[in-house]
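This is the structure I want to talk about, given as structure tokens.
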Amino acid sequence: MLIDSLHISFDSFNFESILPMLVLVCGGIFTLLINAFTSRFSRNLNMFLCMLFLVLDFLVVLGLEQQENAFFGFLSLDTLSLVSQSIVLISAFLLIFLALSKERFNEFQTAEFYPLYLFIIAGFQFMVSSNHLLLMLIGLETASLPICVLMALSGKRYGLEAGIKYFTMGAMASAFFAMGAMAFYLLTGSLNLEVITLYLYTEGVTNPMLFAMGVIFLIGAIGFKVSLVPFHTWMPDVYEGNNPVFASYISIVPKIAGFVVATRLFGAFIDTRIAWVEDIFYALILITITIPNLIALWQEDVKRMLAYSSISHSGFALACVFIHTEESQKAMFVYWFMFAFTYIGAFGLLWLLKSREKTWDERYDHPYSKFDGLIKTHPLVAILGAIFVFGLAGIPPFSVFWGKFLAVESALESNHILLAAVMLANSAVAVFYYFRWLVAMFFNKPLQTQSYAESDIYTQNATMPIYAVIIAMALVCLFSVFMMRGLLEFVA
């Protein structure tokens, strides 16, 4: 028979393995019911419930023991799963703090936002823990569909456009994933990754056509989710159409989930040592690191620049997946951990400076001219911005430098000299567009008069929780060197 008989033993159920997801699913349902049976919506109550369930979930994850096969073999509670769940939950917790702003933007004033936010995180937790293609697809859909809704909650044209684009690209990615899973099911008779990997190791590629179809479709699906070139075109517009809080969310959380899935999926493909498979990954990495870097040089809006730089950072993470060693896996987690904290801080800064009026540009919310002379009008904000610029540019000893250092080191140790050279060259290119933001803040003259600056239009969205998150992220970025030992032990 093509398919082995299905034997279900409740000894392998392991209820604890799905407890983190159940916490958030139950939390989302509870929050939904609270809103349904209360006459008046309370943003503070909803945010408190969100934070409470995220903290409970994080504590549950910390208490889990590693187990290779759980929940009837569908889940794997390995280091990859537990570390990525931790990064997802920490990022989600920090980002929900940024919603505590003075300006009452529509998306944070709706009862639907908060339960959907919890459902999204639960979906990503299923994705990073799954050892089965079907459950990965379910987690992908559970996370993707609510994201489209949250994008459109602003009610603005650009928000609706972003939601439609994300939905369209997400539907295409899901279709690609389903087609790739079908190809490997026909090839191996299973959707379980362990069975697929074992089949490829022992039997080899018995049907090159099915193998090629599966690899190409799955690369396309993951490529859309983590915005690899040439699947990246939706991302800058989606960034532009969303507020900085949600833009930072979609640049961090879905991508870490996508790269964990890529690590589980693509490791088996890379280990086949088939030349064209390696060539595809090599080409994807090179163009994903390089092309967005060059496009970012010509952007006039800081948010769009950060969108393209995020795509380039995805190329560095994919390089770690491609190298496929224990050291490169550590490098990927360190890279994305540092990237997440720095991006939360940078986008928190944009959120701090966001206003309803497009005072500086008819189209863009955050053109470079908005930051001209910020050191004179708001010195603290400018200094925080400089820290995040140094971190994103990979200037030692700031945050992302350590991720890039480990990525390049793992490439050199694996004899990928060209890959290491491309990463170093593009790191140098990235300095130019990051420092353009720095120059605007520190060396350009303010466009507005001093009396206009004193009207505090730059920080009319500021609150103490937002300042607290941004300053905390700046401290992490600044003193990341002291975190490296503990972080490497955590991801080991």
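Cβ coordinates come from backbone N, Cα and C, glycine included.
So Swiss-Prot lists these for the protein:
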TRANSMEM  18-38  transmembrane segment
TRANSMEM  45-65  transmembrane segment
TRANSMEM  80-100  transmembrane segment
TRANSMEM  108-128  transmembrane segment
TRANSMEM  167-187  transmembrane segment
TRANSMEM  209-229  transmembrane segment
TRANSMEM  250-270  transmembrane segment
TRANSMEM  277-297  transmembrane segment
TRANSMEM  305-325  transmembrane segment
TRANSMEM  333-353  transmembrane segment
TRANSMEM  381-401  transmembrane segment
TRANSMEM  464-484  transmembrane segment
Would you confirm whether the transmembrane segment (167-187) and the transmembrane segment (209-229) meet the contact rule of 3 or more C-beta pairs below 8 angstroms, pairs 6 or more apart in sequence?
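Judged by the Cβ rule, the two regions touch, with the required three close pairs present.
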Checking distant contacts: for the transmembrane segment (464-484), what same-chain residues at least six beyond its ends satisfy Cβ-Cβ under 8 A?
94, 97-98, 100-101, 334, 338, 341-342, 344-345, 348-349, 351-352, 384, 387-388, 390-391, 397-399, 401-402
Which residues of the same chain, at least 6 past either end of the transmembrane segment (45-65), have a Cβ under 8 Å from a Cβ in it?
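For the transmembrane segment (45-65), the far contacts come to 16-17, 19-20, 23-24, 26-28, 30-31, 34-35, 77, 82, 85-86, 89-90, 92-93, 96-97, 99-100, 111, 113-114, 117-118, 121, 125.
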Which one of these stretches, 80-100, 209-229, 250-270, 333-353, has the most C-beta pairs shorter than 8 Å to the transmembrane segment (277-297)?
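Stretch with the highest Cβ contact count: 209-229.
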Hey, does the transmembrane segment (18-38) touch the transmembrane segment (250-270), meaning at least 3 C-beta pairs closer than 8 angstroms, sequence gap 6 or more?
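Per Cβ check, the transmembrane segment (250-270) does not touch the transmembrane segment (18-38).
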Would you call the transmembrane segment (333-353) and the transmembrane segment (80-100) in contact, using three or more Cβ pairs under 8 Å, pairs 6 or more apart in sequence?
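Touching, yes - the transmembrane segment (333-353) and the transmembrane segment (80-100) meet the threshold of 3 or more Cβ pairs under 8 Å.
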Please tell me whether the transmembrane segment (18-38) and the transmembrane segment (108-128) touch - that is, whether there are at least 3 C-beta pairs under 8 Å between them, with each pair 6 or more apart in sequence.
yes
Within the same chain, where does the transmembrane segment (305-325) have neighbours whose Cβ lies under 8 angstroms from its own Cβ atoms, ignoring anything closer than 6 residues to its ends? I mean 6 or more beyond.
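Sequence-remote neighbours of the transmembrane segment (305-325) are 226-229, 232, 235-236, 238-240, 247, 251, 255, 259, 262-263, 266-267, 270-271, 281-282, 284-290, 292-293, 295-296, 299, 331-332, 335-336, 339, 343, 346-347, 392, 400, 403-404, 407, 410-411, 413-414, 416, 419, 423, 426, 430, 433-434, 437.
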